[in-house]
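Asker: Just dropping this structure here.
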Amino acid sequence: MMGKEELEMKNDMGETAFSIATINESRKMVEDMVEKNSNLLTLKNRYGAIPVVVASLFSAKEMVRYLYQITPKEILNPETEDRSGATLLTSLIADGIFDLAISLVKTYPKLGVTEDINNNYAIKLLAHKPSAFMSSKSFVFWKRWIYDSCIKISNRELEGEKISKGELRRDLESNTMQHQRPSDVRGSLMNFIWKLTKRFEFKHIHDAKLQHDQAVELLKCIFKEIPKLSNQQLETIGLDKAIYDAIKHGMFEFIDEIIELHPEIIWRKDKKGRTLFANAIVLRQEKIFNHVFRLGEKQRITLLRHDIFRNNFLHLAAKLSPPSRLDHISGAALQMQRELQWFEELRRILPPKFEEELNENNRTPASLFSHEHKELMKEGEKWMKNNAASCMVVATLISAVMFTSAFTVPGGIDEKTGSPIFLRSNAFLVFVIANSLSLFSSSTSVLVFLGVLTSHYAEKDFLQSLPAKSILGLFTLFFSIVTMMVAFGSAIFITLQERLAWVSIPVIILSTVPIAFFTLLQFPLLIEMLVSTYCCRIFDIPQTKLK
């Protein structure tokens, strides 16, 4: 195609050869076409998208970076009627190319609150992209330490400049040594950390933090325009819906930044008359609600609000959690416990009169809680009884076996004295102690689970009574299994010690298999119950009751 007009021809799908070349990332072909006809950079397809936007929609990231450099910036200006700039911004956000998005918004700040050709706004897309923020990640402790303490993102990186492995190592060394004392161990410690970094490919932690910091920087750039908009304009861009979606996804960075740059947002109500803290209660996002304790004197006014249905904050806590939040908790009983914890925590910090206030349906918070959680309480009772019955069967079998083995000791009884033959053996002493402990703990487990089965299952029982009984029952059951296997191993050793003593070793090792299975299947539930019952606090800051 020698002529400019021929290069601008479109196929049946409304795409030029240039657009297709950008999608396929054919860099040389794209360069040749631009050299012949620079108008191709601003030529739109049938959907109104310019080539750089098309490339972004198809995740051709390297091509997007190249086209962004050579695309005339005038077409991206929001002051014109052309919406290519806003469309490019939303495409960059959707594709995770935040460095270019930051550059674009810094050049044209109004793009962050400008509608694109698909009637979307950048703020809406960010609220629907939790993967771009740290709040959606759950690193294990050592990865979190590296994330927080060893990796610092420079301004160069925020703007998209890539750093070499050597620079990455020097930054890692510098950041790590800030937390270490000068000593001879310094070099070896740094080399060890760097070797681990290379071996386990910790570069993805650095890339994750870079993306998170870039997303937060983009939020700051967009939120700087919020105070300049009228209430009508804020409704048009869907600010309330964006805040609600951010709370729903637990994106506390989104909320922190908008409160910091626009503090008056804490008073803003949505169509239901609810502030962002009210929605944090409804959506059970404790990290976002914790922000209320940093408000100082404003805390009282913030907490004493009602929505258009005359619901106070305690009414909102009485509502059933969204399924997305309940699904993170194992079992209906623990879900019910979590709901009660939310209700009780808020009851402690709100004025007593809130407990007696009626909403538009003439329900107090306690009455609303019972109504909303009727089905969950039934499911919790069923789950607790099934779990208790299953564990009770196992505990009963163990206690029966241990009681029987107490009278059929290994090696038999001396007919003359009536004493066990191996009475003076250390292994026999281990057998007796393990057998006794297993019998006592399994019997205790049976009685505890019997108490769970015969409980009357009131609402308050799910808060601590039932979980505490289940914890005790599971712990004693686990202990009885361990001691039963110890008794079994010692009995095998006593029986075979004079002839085939070596056989007892693999048998004893195999006896740990049931313990391992129980640990894998039931121990996580025991730990979760312990944490949720004794180590869990909904709010991080000590509460003081409002008068």
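Glycine is treated like the rest: Cβ placed from N, Cα and C.
Okay, so TrEMBL annotates it like this:
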DOMAIN    381-494  domain 'PGG'
TRANSMEM  387-407  transmembrane segment
TRANSMEM  427-450  transmembrane segment
TRANSMEM  471-494  transmembrane segment
TRANSMEM  500-521  transmembrane segment
Asker: What are the DSSP helix/strand/coil residue counts across the domain 'PGG' (381-494)?
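Answerer: Looking at the domain 'PGG' (381-494) with DSSP, the answer is 87 helix, 2 strand, 25 coil.
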Asker: Any residues 6+ beyond the ends of the transmembrane segment (427-450) with a Cβ under 8 Å from its own?
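Answerer: Apart from its flanks, the transmembrane segment (427-450) reaches 388-389, 391-392, 395-396, 398-399, 402-403, 405-406, 409-411, 420, 469, 472-474, 476-477, 479-481, 483-484, 486-487, 490-491, 493-494, 497.
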Asker: Mean pLDDT for the domain 'PGG' (381-494), rounded to an integer?
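Answerer: Mean pLDDT for the domain 'PGG' (381-494): 86.
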